[in-house]
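A quick write-up on the structure given underneath.
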Amino acid sequence: MRKATITGLGKYLPDRVMTNHDLEKIVDTTDEWIKTRTGIEKRRIAADDQATSDLAYEAAKEALADADLKAEDLDLIIVATITPDMMFPATSCIVQEKLEAKNAAAFDLGAGCSGFIYGLSTAVNFVESGMYENVLVIGAEVLSKILDWEDRSTCVLFGDGAGAAVVSAAEEGGFLATDLGADGSGADTLYQPAGGSRTPASHESIDNKGHFLKMEGTSVFKFAVKTMGKASLKVLKKAGVKKEEVNLLVPHQANTRIIDAAAKRLKLDDDQVYVNLPEYGNTSAASVPIALAEAKEKGLVNNGDKIVLVAFGAGLTWASAVLEWNDLK
C-alpha cells in the first residue's frame, strides 16, 4: 500500500528577540505574570521588511535540503497562514516563485493554529492517492504585524516564525492517521474583525483597531484544554495505536497549562512532550513544524518512533496526526 511520510523538515525564526522584560516597557505587564500564566519567556519578531513569504521561503529551503530534493521536484506547495502577504494572490504562489518550483501547484490554507496539520492531512491524501509524489507544507506567520501592542492580553502571547515539511511517497511507515475538526460557533472568540468583505478597510475600521487580532482568552483556553487531549486520543484510535506506544507528542505551543493537560490525557512523561514555548511563544500555524524540526535536530526523533501532532486554532478548529517516523535517507 502506498504511504506518505515526512522526508524533510526546516524552520526559520527571525533574528530579533523580544523578551518579557522588553514587554514590561511597552504594556502594563510583568515577566512573572506572563511566565506564570503562559510559560512564555521570549518570542521572535520579524523585521519591518519581512513578510510571511520571506519566512516561509527560508524554512522551505531548509526542508528541501533535508529531503535532498530540488524545488522543481515539488508537485504542490501548501502554505498554512492567517497572516498572508496580502489578500491575494496566495502567499504560496509567492513562495513558489521565490523557490523557482516551476512544476508545483500552489494554494494557501487558513485554519488558524491548526493550519499546518490541516496542510499535512491534505498532503498525505494527495500523496497516498498517487496524484502527487512530493508536497511541501509550510506553516508561516508574521503575527507581530496584526497585534495591538497596547493590548496586554494578546501582544504577550504571539511570535513570528515558519516551519516546513516535505511529504513524499513511501512504502511503509509514515502517516498512520490524521483527523480534522471545526466548531464555527466559536468563530468570534479568536479573529481579526476588519479587512475582509464583512468589514472592508476604512478610516473607521482603523480607528476601531479592527485590523488587529482579537481573542476571548478564557473561552479559547477552555476549548483548548478540552480539545487537545480529545483530538489526540481520537487520532490514536483511528490509527490503531495505544497511548503506551507513543514516543513523542508535538503539540501546538500556546500555553504550558494547555500542553500539560494534553500530556496528562495521554499519560506521557515530560521527556515525551516537546516544548519550545518559552523561547518562541505562540507562532500559530508555524508552531508544530518548528517544534518537530527542532525535535529532529536534537535527536529526539528516531526511526520507528510513533509521534503525535496536535493543534487547536481559530475557527474554532482542531487537527491531529499520528506518524511512524520513517527516515528514508
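In case you wondered, yes, glycine gets a Cβ from its N, Cα and C as well.
Bear in mind that TrEMBL entries carry predicted annotations, made automatically and left uncurated.
The stretch that TrEMBL tags with region 'ACP-binding', taken from the ranges 28-32, 203-207, 243-247, 253-257, is 253-257. Model confidence over the region 'ACP-binding' (253-257) stands at 97, taken as the mean pLDDT rounded to a whole number. Looking at His252 (active site) and Cys113 (active site), their Cα atoms lie 7 Å from each other. Note: the CA-CA distance between Asn282 (active site) and Cys113 (active site) rounds to 9 Å. Long-range neighbours of Cys113 (active site) (same chain, six or more residues apart, CB within less than 8 Å of its CB): His252, Ala254, Asn282, Ser284, Ala285, Ser287, Ala311, Phe312, Gly313, Ala314, Thr317. Look at His252 (active site): DSSP puts it in coil. His252 (active site): 30 other CB atoms within 10 A of its CB, across all protein chains.
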